[in-house]
Amino acid sequence: MTVDTLCRFERALEGLEVGFERVAAAEASERIETIVEEPTVGASLPFEGVSLPDDVTTEPTTAELEAARTGVTPVSFAIAEYGTVAVESTADGAEPISLYPDRHVAVVAESDVVPDLSAGFTRLAEGFDAGRDSVVFATGRSATADMGDLVHGVHGPGDVDVIVLEDR
Amino acid sequence: MAQRTRSEQADRIRHLLETEGPAIHAHASASNARRKETYGGTDDLESLRTDARAIKEDAIDRLPELIETVREAVEANGGTVYVADDAADANAYVADVVEQNGPADETAEPSVVKSKSMTTEEIDLNDALEGEGIDVTETDLGEWVLQVADDTPSHIVGPAMHISRPEIADLFNERFDPDDRFETAEELTRFARDHLGEIITGADVGITGANFVVADSGTIALVTNEGNARKCAVTPDTHVAVAGIEKLIPTLSDLEPFVDIIAKSATGQPISQYVTMLSPPTDSPTLDFDAPDEPITAGEGGAADETGASGTGDPDRDFHLVLLDNGRTDMREDDQLRETLYCIRCGACSNSCANFQSVGGHGFGGETYSGGIATGWEAGVHGQESAAEFNDLCTGCTNCVDACPVKIDIPWINTVVRDRVNRSAESEPHDFLVDGLTPDVEEGGMDLGKRFFGNIGTVAQAASATAPVSNWLADAGPVRAVLERTLGIDRRRDLPSFQRESLVDWFETRGGEAASRKRAAASSERAAQADARDDGADVDREAVLYPDVYTNYVDVDRGKAAVRTLEALGVPVRVPDLPESGRAALSQGMIATADRQASRLYAALAEDLDAGRDVVVIEPSDLAAMHREYERLLPEGSYERLRDGSYEICEYVYGLLENGADPDALSTGDGSQPVAYHSHCQQRTLDLEAPTVAVLESCGYAPETSNAECCGMAGSFGYKQEYYELSIDVGERLAGQVEDAETVVASGTSCGDQLETLLERDVPHPIELLAPGGYRT
């Protein structure tokens, strides 16, 4: 992770109209709380010293998933070049939690922001080798032009925020 | 011959131009412009295209092995692979899977949600499932609009591109009768999201296509922007992915260039919103919305699987990969159609095509597929008849060649299929007019008009020999009626005016090569005297000017201008009587004729090439034949020697000026004289627009280039009765760009003819502007 890569990531997200926040692990929970719109569902965050805010529901029911306005999930890495986050299909439901609610808040360790697609594929391949072989590269907000003009938030989230943990 | 008559085809095209054309043009041209911009900003574009192409070549080569590899991988993951021979086989299998995974209440109708898949369109899966009493809902918004409208896709990527927002609003207001009438795209999209969201959460089975299938890990890659494919794959317990066998690629690393390029080529986005790579059954918990109070992780696999590294995924999940053959194995064996299997279905060939932009896929398309590559797909999966319906809409302009992310020679596939259609046509009674003028080597039975245009060189020679009588005769009303009826030449189109004295005759009359040598030497001497320190003006080249059919018999002036220009720059010229290049025959799908012509032309030029003379070509389409198609028609060594020794006229002049020749020997502008310049489609593909622009600039003009896709004329295309109006529609987009310029120049004969018709004034070749003595209007 270099400063360049992080700048590149931030610029890419800006172009995608995706929120970008860089915080220390210790402050992450508080920051997430200010971003989310309630009700919120989430998949637990595997970063040391970081936990989801208290009112985020993990292991939600389908009713809670459907009603949620925000889904908070970890992402295993991010690709600076395109502003992409890699959402893994995990047993705790990160994939549907990142997909169903109107807003997705993706949390990534700064050390997991890689410069380009090629480095992303290296990370992807490492995950595949370890059995984590279902991943979505999500870039920006769900979009369609099928109804005549560009509209965001179709089947997937219309708002996305990325939180980068500067000390992880 | 295509099934429709010429006038039926003309009516159909007119209808599409009026109804669907405007919406198609708006979307397709915008996508094309974004693609060009994104391609331009991608530094490693060429290596991406080369890599992607190489991976596809290798994968198709190893296809039988990859099918076995993916079967093992998917089965190891806990899924099932079914290889379906044809549409009926695939549909029966999918219906069976749906029946087995339907609702617990056996009297209830099983429900399926689908994400966009052209392959399921190819096999008419929806009809087949509905025939079995299965409820099917398309969840891609474009596909859903089509389902509601009971319409068919008009574009591989944007299936409802032909329907405008107000039309969608009208359709939805009528069908769903909302309290507040729909108007904006935002309102329509929100309604669709909610409506389809409910259907997805209640569905028994999710069906997706696959953009790519990674054989060794059993991974399907789905490239989407909406997120519906993710929902269809993750929500129901059962996921069925239907993909053609050609979607297989060997390993995960092979996926990278495709992920990088597919959105760029399709819509000009750097990357799609969602590149979903699933190795199902996945670990994601299934979502049972009928049990709203159960945690989603409550299933058998669920959160208990702490490692997250399960190779078998959530045990509630069921996955079926249906690999469709449906003619693809035969395509793989077919040396000409094989390349079609490299297609990643991005639609770039459609977006970059001027004719497609005007009529869309309902005109330029077959049973399922549309655009330039559709000729290969339709011929392969539905049969030649389906391809024959629309194949003639490919004019061979080659705009799609630089657009295609896997470098498929789409014009060539169109030429090959046209050739096959010609050969399969039943023999018609011989026509005296055409027969006498067609020394081709084609079998009988092909369309008379095509045969006529394919032999245009012989026609032109005869017409020139009898000019001006042939011109008066051809312009006479009764003759035009006969030409329209027998050859399909639209009577509204001006015919070329044949010159009695051909370029070759003119050149001989003025003293031939010997006189040219003297003139060139005199020019060199003048240049040396004018510039005492000069030693570079002595360019020491000799040129053979290729007298293409139109330059030789119709537009002789541009040939004379080229000769004078070269001589003024110190280059002696020869203008021998040379055989046709084969371009005319190729454009009509007469490959055997073109092959023979290529051999003859090469034989006629071999000595000049050996002597180090440069072959200079005025008509870009003839040069493009030598530089592109000859690779398939001549031995490699011959092809390379001619390619390396032949130049477009302004490219050649550019080279002379770069090597010290003095532009003052030409007709120069004042430095700011505006000129609108329309290059030629095939010239652009050869990257030869820039030299003309540079020459005009260094000679004191201020050229502005058009960015219109094409002039619409495309050789014989604009003459044909069924395509006349389409040709004018395409041409008007170009004319609109250049009409305000005082001087308009164009490199191609037919571009010039079309612009002269639409602008009602002379449109010379740039060389006529540059030639000493200037252009006389």
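Cβ from N, Cα, C; glycine included.
Feature annotations, courtesy of TrEMBL:
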- B:1-45: region 'Disordered' (REGION)
- B:1-18: compositional bias 'Basic and acidic residues' (COMPBIAS)
- B:279-317: region 'Disordered' (REGION)
- B:304-313: compositional bias 'Low complexity' (COMPBIAS)
- B:386-413: domain '4Fe-4S ferredoxin-type' (DOMAIN)
- B:515-535: region 'Disordered' (REGION)
- B:521-530: compositional bias 'Low complexity' (COMPBIAS)
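Long-range Cβ contacts of the compositional bias 'Low complexity' (B:521-530) within its own chain (Cβ-Cβ under 8 Å, at least 6 residues beyond either end) map to 537-539, 567-570, 572, 661-662, 664-665. Mean model confidence of the domain '4Fe-4S ferredoxin-type' (B:386-413) amounts to 96 (pLDDT, 0 to 100 scale).
Secondary structure of the region 'Disordered' (B:1-45) per DSSP (helix as H, G, I; strand as E, B; remaining residues coil): 35 helix, 0 strand, 10 coil. Residues in the compositional bias 'Low complexity' (B:521-530) partition by DSSP class (helix H, G, I; strand E, B; coil) as 10 helix, 0 strand, 0 coil. Across the domain '4Fe-4S ferredoxin-type' (B:386-413), DSSP helix (H, G, I), strand (E, B) and coil residues number 15 helix, 0 strand, 13 coil.
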